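Down below is the structure, laid out as structure tokens.
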Amino acid sequence: MSAATEPTKEKPVNNQDSDDEDEDIDQLIEDLQSHHGLDDESEDDEHVAAGSARPVPEELLQTDPSYGLTSDEVTKRRKKYGLNQMSEETENLFVKFLMFFIGPIQFVMEAAAILAAGLEDWVDFGVICGLLFLNAAVGFIQEYQAGSIVDELKKTLANSAVVIRDGNLVEVPSNEVVPGDILQLEDGVVIPADGRLVTEDCFIQIDQSAITGESLAVDKRFGDSTFSSSTVKRGEAFMIVTATGDSTFVGRAAALVNKAAAGSGHFTEVLNGIGTILLILVIVTLLLVWVASFYRTNKIVRILRYTLAITIVGVPVGLPAVVTTTMAVGAAYLAKKQAIVQKLSAIESLAGVEILCSDKTGTLTKNKLSLHEPYTVEGVDPDDLMLTACLAASRKKKGLDAIDKAFLKSLISYPRAKAALTKYKLLEFHPFDPVSKKVTAIVESPEGERIICVKGAPLFVLKTVEEEHPIPEDVRENYENKVAELASRGFRALGVARKRGEGHWEILGVMPCMDPPRDDTAQTVNEARHLGLRVKMLTGDAVGIAKETCRQLGLGTNIYNAERLGLGGGGDMPGSELADFVENADGFAEVFPQHKYNVVEILQQRGYLVAMTGDGVNDAPSLKKADTGIAVEGATDAARSAADIVFLAPGLSAIIDALKTSRQIFHRMYSYVVYRIALSLHLEIFLGLWIAILNRSLNIDLVVFIAIFADVATLAIAYDNAPYSPKPVKWNLRRLWGMSVILGIILAIGTWITLTTMFVPKGGIIQNFGSIDGVLFLQISLTENWLIFITRAAGPFWSSIPSWQLSGAVLIVDIIATMFCLFGWWSQNWNDIVTVVRVWIFSFGVFCVMGGAYYMMSESEAFDRFMNGKSRRDKPSGRSVEDFLMAMQRVSTQHEKEN
């Protein structure tokens, strides 16, 4: 905007004073080298999707920059496009709490509570209700603590804006900005809406870290897009608003987050699946019991007591509580390793992750620009090259960009250049010029010689030298070849030249810069490969930079431009080809937020469990969509809120450590679930047959105690010594059910033998003395408690020593069960010590049989083939379905654009 068209200011706008004194160069270098890069800015300019969910017609974006909109036009546009704020859906917390009482296991527990109340069995009623509320409370608290992502996104937005209305500069609340408004941008302004720069010949720098997580300010010129929640770091300009509210980039990110959060978690689906099958088995067993009871004309009260007993034992009432406790203990352990778990089910998901979609900056690299080996023209001293490059830099700490900081910090390797630098006096400094693409400084040497130092785009620096005198062909060719080589490898290269006194320009060389890989990343990537984890890089950097980083890290170099994916429409490839393309690629460069979301979605549709790392607002949708969303060190609040796990330690190694721990936790959960399903099947089979054949059942109070003891003892599984699998682990439900069924049958046979051999008329094992309820209670408790020692081991039960917590918990429960049997608590008659010893010996025999059976099933390939435990990817891929779904998505996208 020219001075002639400058609008009248109704309210002055404060400008920050940047005319501070030059700082001492020695102090500046020492300061930079002592901070270890904490203030370094990243070179990775993450791209942000332009456009909006609700496009504004171009004719509404032809506002006169000198006059702005009229008040009437503002009113019309606000009525059409609404306020400049994100829509918010409030959630009823009470309804959310009630949702934790819905599910197959919960339904059975609720039915059992109603039955217990009807039978006036208040002890059982209280125990069941207590378990129900405990499960719901733990789940609700975990979900509530995750926080509101939309609230975090809204925190990044501006509160007010300076706009041109009716030819005047006025300050208005940010939510009153409308499409077509002309906004004034200057140092420190937080941009309240998406827009486009309309000031000709402008040059401003904008901090988009609230969106991308990247700290390096982005250069913007006339016609470039700006985005809501970004901050102007340097320069002044005017912009026209192109999108507001939900149609801005931040608004669309919030919408994608809500979309991603709509589905139920993977672990919830697994538990519901197990609960559904157990519910069906309970119904089948109850039908058998009811038919037998009606045949014998049992009274309704007796039938209801049988029903209550089957209902209590048929479903593992403590399953949610034990699994939640196991994950909570694991989360506390991860917290010690600086990994904060915000969603407990993420631990289970992380254990099964096969593909990690990782950002580059800060995770794979140091997020710290550094100087690589400089290229010097023949005959030039490297110290002269370094000295000239550092002379062409600001002496103000606030004026230093990331490249200047990298050069100054590298002086530690060039002591002669560092010593000479302090002897030069800065006469003039001209910051980066977007037209000439170079930085210029005029200095005075200790001898009083005037020297012009320049650094900038290599070919522009070369042109500056050639304008004065020709360069030898071999020097020019070698220089250009080196620049081309560095560009192909993804380095950011700067040419350096100088002019001493009245002499000619001298081309000195090229300074290559790059964000280097972290020291431990290559080793960690190799370790990840051995753990069966594929790492795909998703970065906003250029393809060359991505490929060079992958080469240094030992990752695959099949890196493609994300344009081939398309934005929302999937590009031009058929759905099946697109899925193959994403599956086989090692990563994508120049990605937009929608690309990240699409990559995660496509891999999930192929049956993979996917983890995604991110640190910016633009990562929030894909973090929420992924099976495990990981917010890396330094992430924005919105990214942290969207993530399942937040890492406080930098680098990929922290993620790999957490993955190992999660696999240990998964092993504990898997062994418990096998154990607990076997227990439910055991009592369903035994009690169902006992009731149907002999019209008898255990005392209902003892049934409740058996259910409680089974879970109380195994709560300590959360502290057990567990190995981690060398490959991703998943819920192979067919194999799990096969093992549980066989173990349950062995347990039922053992209990049936106890029932039918210990109470024969003449000379039974217990010689017809004592209480059948007490004996059965002890035998069931012992064999069930000991089963956990079998399922927890990766090999034979003696191959792994359990933790003292688990051993102690089982021993305490066994002692209590023995006291029940000895003193006849809730079983009417006491039993002598000989009876108890015989039950212990017999139970150990059953334990050994179960141990042998479990080991054979674990090691048997034939059993695996029989159970056919395959993942979704082993099934026909359904390529025609993928093609159809992608075609429908493109039609939907095109329809949205047309409307």
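Cβ atoms are placed via backbone N, Cα and C, with glycine included.
Summarising the annotation, Swiss-Prot assigns topological domain 'Cytoplasmic' to 1-96 (among others) and lists sequence analysis as the type of evidence.
Residues or ranges marked as region 'Disordered' in Swiss-Prot: 1-72.
According to Swiss-Prot, the compositional bias 'Acidic residues' annotation covers 17-29.
What Swiss-Prot records for 97-117 (among others) is transmembrane segment. Residues 124-125, 128-129, 131-132, 135-136, 139-140, 271-272, 275-276, 278-279, 282, 304, 307-308, 311-312, 314-317, 319-320 of the same chain lie 6+ residues outside the transmembrane segment (97-117) yet bring a C-beta within less than 8 angstroms of a C-beta in it.
If one looks beyond the topological domain 'Extracellular' (118-121) by at least 6 residues along the same chain, the residues whose Cβ comes under 8 Å of a Cβ in the stretch are 301, 304-305, 308, 700. Sequence annotations record features per position, and here Swiss-Prot assigns topological domain 'Extracellular' to 118-121 (among others) based on sequence analysis.
Summarising the annotation, Swiss-Prot assigns transmembrane segment to 122-141 (among others).
Across the topological domain 'Cytoplasmic' (142-272), the model assigns an average pLDDT of 77. What Swiss-Prot lists as topological domain 'Cytoplasmic' is 142-272 (among others).
Residues or ranges marked as transmembrane segment in Swiss-Prot: 273-294 (among others).
Annotation source Swiss-Prot lists topological domain 'Extracellular' at 295-305 (among others), citing sequence analysis.
Within the same chain, residues 104-105, 108-109, 111-112, 115-116, 119, 121, 124, 128, 131, 134-135, 138-139, 142, 271, 274-275, 278-279, 281-282, 285-286, 289-290, 293, 298, 341, 344-345, 347-348, 665, 668-669, 672-673, 676-677, 679-680, 683-684, 687-688, 691, 697-698, 700, 703-704, 706-708, 710-712, 714-715, 717-718 sit at least 6 positions outside the transmembrane segment (306-328) and bring their C-beta atoms closer than 8 Å to a C-beta of that stretch. For 306-328 (among others), the entry in Swiss-Prot reads transmembrane segment.
Positions annotated as topological domain 'Cytoplasmic' by Swiss-Prot: 329-700 (among others).
Long-range C-beta contacts of Asp359 (active site, 4-aspartylphosphate intermediate), restricted to its own chain and to partners at least six residues apart, with a cutoff below 8 Å, comprise Met537, Leu538, Thr539, Thr613, Gly614, Asp615, Asp619, Val632. The annotation active site, 4-aspartylphosphate intermediate is assigned in Swiss-Prot to Asp359 on the grounds of similarity to another entry.
Asp619 (Mg(2+) binding site) has a Cβ environment of 33 other Cβ atoms inside 10 Å. Among the features that Swiss-Prot reports, Mg(2+) binding site is placed at Asp615, Asp619, with the record citing similarity to another entry.
Counting only same-chain residues 6+ beyond the ends of the transmembrane segment (701-719), those with a CB under 8 A from a CB of the stretch are 123-124, 127, 309, 312-313, 316-319, 321-322, 325-326, 328-330, 668, 671-672, 675-676, 679, 683, 687, 773, 777, 780-781, 784-785, 788, 792, 803, 805-806, 808-810, 812-813, 816-817, 820, 826-827. Residues or ranges marked as transmembrane segment by Swiss-Prot: 701-719 (among others).
Counting residues 6+ beyond its ends, the topological domain 'Extracellular' (720-735) has Cβ neighbours under 8 Å at 270, 273-274, 351-354, 530-533, 609, 660-661, 663-668, 670-671, 792, 794, 800-803, 805-806, 863-864, 867-869, 871 in the same chain. Summarising the annotation, Swiss-Prot assigns topological domain 'Extracellular' to 720-735 (among others).
If you look up Swiss-Prot, you'll see 736-755 (among others) marked as transmembrane segment, on the strength of sequence analysis.
With a threshold of 8 Å between CB atoms, the same-chain residues lying at least 6 positions outside the topological domain 'Extracellular' (295-305) that come near it are 115, 118-119, 289, 695, 697, 700.
Beyond its flanks by at least six residues, the transmembrane segment (122-141) meets 96-97, 100-101, 106, 109-110, 112-113, 116, 308, 312, 317-318, 320-321, 324, 328, 700-701, 704, 708 of its own chain at Cβ-Cβ distances under 8 Å. DSSP assigns Asp359 (active site, 4-aspartylphosphate intermediate) to coil in the three-state reduction, placing it in neither a helix nor a strand. Panel annotation: around the transmembrane segment (273-294), residues 103-105, 107-108, 302-303, 306-307, 310-311, 314-316, 319, 673, 677, 680-681, 684, 687-688, 691-693, 695, 733, 737 of the same chain, lying at least six beyond its termini, place a Cβ under 8 Å from a Cβ of the stretch. Asp615 (Mg(2+) binding site) counts 29 other C-beta atoms within 10 Å of its own C-beta, drawing on all protein chains shown.
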